[in-house]
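Chemist: Let me give you the structure first, and then I'll get to my questions.
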Amino acid sequence: MPREQLQVLNALDTAKTQLYHFTAIVIAGMGFFTDAYDLFAISLVTKLLGRIYYHREGALKPGTLPPGVNSSVTAVALVGTLAGQLFFGWLGDKMGRKKVYGMTLAVMVICSLASGLSFGRERRSVMAGLCFFRFWLGFGIGGDYPLSATIMSEYANKKTRGAFIAAVFAMQGFGILASGIVALVVSAAFDHAFSAPSYATNALLSTPVQADYVWRIILMFGAIPAAMTYYWRMKMPETARYTALVAKNAKQAASDMARVLQVDIEAEEQKVETITQDKRNSFGLFSKAFLRRHGLHLLGTTSTWFLLDIAFYSQNLFQKDVFTAIGWIPPAATMNAIGEVFRVARAQTLIALCSTVPGYWFTVAFIDIIGRFAIQLMGFFFMTVFMFALAIPYHHWTLHDNRIGFIIIYSLTFFFANFGPNATTFVVPAEIFPARLRSTCHGISAAAGKAGAIVGAYGFLYASQSADPKKTDAGYPPGIGIKNSLIVLGVINFLGMLFTFLVPEPNGKSLEELSGENEQDDDVEQTTSNRTVPV
């Protein structure tokens, strides 16, 4: 049976929702705001980069980034994010959440600014500089995933823990929205100040010299929200769970949380020593004990996040092509370079405003009521349904009179991604693993997600190309087309629904109850087989 919980951890589990909870959400959430801004802003400016640096004299269409360059510019930050999730996730369990938290934010601020700079004005140096700094920007962003989730889960109470972690992640929606709004404002201002004809009217003048500043300003803006929260991150005390259960410092844990919660807490040094010296609480990540207790759980969190991100990132990254196909964005030749940025940003902003942001906050509202399992299963189910609803009658949706219906259904896939697995895959890994491995396991799960994002970003840039060689973008081989790409994404979402059954339901339980860290001898066997489906 469970041993008596440490007083400091029990105080956190039963604490009423108060100011420090919301402070932690804002501090951690602004990191995610920046993460989303930086990762999704690039899709707003790739067409502009093609026009500026890959213009071909006499071409019927504006310049576009060659396939290899486009893939690299789009996905290099995702590669960096994957590496950062693994490295900083591991480091967060070794050095502590707070120490590593400041490092990741500093990397994000510096590299956000640097990504708008370049080593020269020649296209090869510009692309090389952009890819270099966006890799390290992604590296910093990667660290924010396991650390933000772990810190919020270890600060939260049992009753509203899911909502608090989901609220941190929901800031991603505002980051996506902000990237679109900043792009709208910057492009509108430059288009008004430096009016240019369409490409069809005058190919050379359609891309004014000042357009080079547009993409740089949009990318560099991401440094501002991250820099604003650096001081407050450094003022946050280390989480009591790390201090007590990993660093084994009962006095410091009690002192920190007594100050945060404004209550008297006893430093239970003997009890901390008993828990931390228990051999059942000392197994490593690559041990048989971990495999027996949490192997299926880790498989569940990694597989569902991997599958979800293939669908989620490919949708975001080629949505500008979807909008073009259905006529919501006019043909590139009918616009000037800066005007095209405005049109793409407007489309992304509308999708974010109407479906992405509401989806996140629906999860925040309902996750502690109906549970993580139900939300994730429901989200994957409806994503599957709506993907097939778009794909099977795809020609119908491309007709001018039906494009509004297409946008509505396409928006619903984003809504149920966010009121579904895009939020829950972030929440659950921060709850179900032991404190000494929590950040590491969350980092592994998140890295699996970014591996899926890389598959989506690289694979669907090619796959979504038309099967007709005459209709592909310059430099791209024929693909399977948007219709077949949507069918593939529907199948991927269905697989995500199946793998959800490996993920346990953490709703209403303490972190130590979920991880088995607080169990005594006669309960060892019970901790090895947590139920996956709530009863």
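Yeah, the Cβs are placed from backbone N, Cα and C, and that goes for glycine too.
TrEMBL: automatically predicted annotations, no manual curation.
Since we're looking at a predicted model, the values are computed, not measured.
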Chemist: Of the residue ranges 238-256, 295-313, which one carries the transmembrane segment annotation in TrEMBL?
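Modeler: When 238-256, 295-313 are checked in TrEMBL, transmembrane segment belongs to 295-313.
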Chemist: At a threshold of under 8 Å on Cβ distances, which of 69-88, 349-367, 443-463 pairs most often with the transmembrane segment (404-423)?
Modeler: 349-367
Chemist: Is it the case that the transmembrane segment (20-49) and the transmembrane segment (100-119) touch, counting contact as three or more CB pairs under 8 Å in which the residues of each pair are 6 or more positions apart?
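Modeler: Per Cβ check, the transmembrane segment (20-49) touches the transmembrane segment (100-119).
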Chemist: Tell me, please, if the transmembrane segment (443-463) and the transmembrane segment (163-190) are in contact, taking contact as 3+ Cβ pairs under 8 Å between residues separated by 6 or more positions?
Modeler: no
